[in-house]
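So that you can see what the record holds, here are the features copied from TrEMBL:
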DOMAIN    122-269  domain 'Sodium/calcium exchanger membrane region'
DOMAIN    298-439  domain 'Sodium/calcium exchanger membrane region'
TRANSMEM  69-90  transmembrane segment
TRANSMEM  96-115  transmembrane segment
TRANSMEM  127-150  transmembrane segment
TRANSMEM  156-179  transmembrane segment
TRANSMEM  191-214  transmembrane segment
TRANSMEM  243-267  transmembrane segment
TRANSMEM  293-316  transmembrane segment
TRANSMEM  331-353  transmembrane segment
TRANSMEM  360-386  transmembrane segment
TRANSMEM  392-414  transmembrane segment
TRANSMEM  421-440  transmembrane segment
């Protein structure tokens, strides 16, 4: 018989009656008072001890380190000074331009904090992290959209959502291709994953074209001879005869898009996860988390609440700011708000492109656009349905065409799985042309 037995004579007599496999459990430094089954003598930790272990982790960052990192971890936090200024300007009814500017700048560090405190796959697992990223990755867009929706600013809701999609697809992806192309002659990425993502974006665009076509057909039925004038250049009025049908189409489509997004999450995170995985590098594992789990959760909750107030103040000042300073409201919703809401994602995407990690860049830019088109916009339509606000998926004809050609250009550029600075210039140029068009709209 082979095996090592610990303890004295009593232990030996017990051990001889055990099978050989049980003898392997004996530890080298055991004594004659060491039980053969040590787990049976351990007492489970009390609830208070488990809570203290979570609140004050032994191995993770302390609360003092977490708080210091939250406020001093990046130079972006300099803009936190505009958070109290936004509250003061709103409640003291300062000039509309100041209220808009302070709220605009206050959302910058809050958006970055929402992005950095999002859950990761390593912390929660792929599926749960993917579902939570859908909410927190675009938390600012959801908050601004709900705030505008509850105030009845349906055009701001539509233009801000459309602007977020265009900003990610054209401005951010274009700047990323440009930055990566200036450092590397050519960058490669996974073709199948990029084409799948862009195809889903194409589907979401088609769901916007159908309501526009339906409204145009109803308008032509009511005015078959309109002297050659264009119809349906703006969303329908409450008295429009096509509104009832548009609401039915939009709400049904919103439910289908949400189901499609759930299927896409399963496709991306489970069944075909290998297509979306980026190669790990030493830089990714060189440092651990800067905040413990509880402090990051508390910070994320606090940032979300503060962002909701700042977004509410921002939306409340848009109308007066647009009239006083002659800034078109579509330009504010389509260009300005998306830039500040997606500022952190912009920086991260460009930084990843400069490291030649184009899978991550595509995931941030195209993935965020998919979240907005198939999750955030349908969610806002359903929220409007519940709260009695008649938000539809019918955008103005010009906006629908702009989105269609933007997605078409992105599809053409990503289909070969390669990128360079020239493709980046194309995307940025189209974004500037669109911004110019909405400035004079």
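From the backbone N, Cα and C atoms, a Cβ is placed for every residue, glycine too.
Long-range neighbours of the transmembrane segment (243-267) within the same chain, counting only residues 6 or more positions beyond its ends whose Cβ lies under 8 Å from a Cβ of the stretch, are 127, 130-131, 134, 196, 200, 203-204, 207, 210-211, 214-215, 218, 236-237, 370-371, 373-375, 377-379, 381-382, 385, 390-394. Contact counts against the transmembrane segment (69-90), taken as Cβ pairs under 8 Å, peak for 293-316 among the stretches 156-179, 293-316, 331-353, 360-386, 392-414. If you count C-beta pairs under 8 angstroms between the transmembrane segment (421-440) and each of 156-179, 191-214, 331-353, 360-386, 392-414, the highest count goes to 156-179. Against the transmembrane segment (360-386), stretch 156-179 shows more Cβ pairs under 8 Å than any other of 156-179, 191-214, 293-316, 331-353, 392-414.
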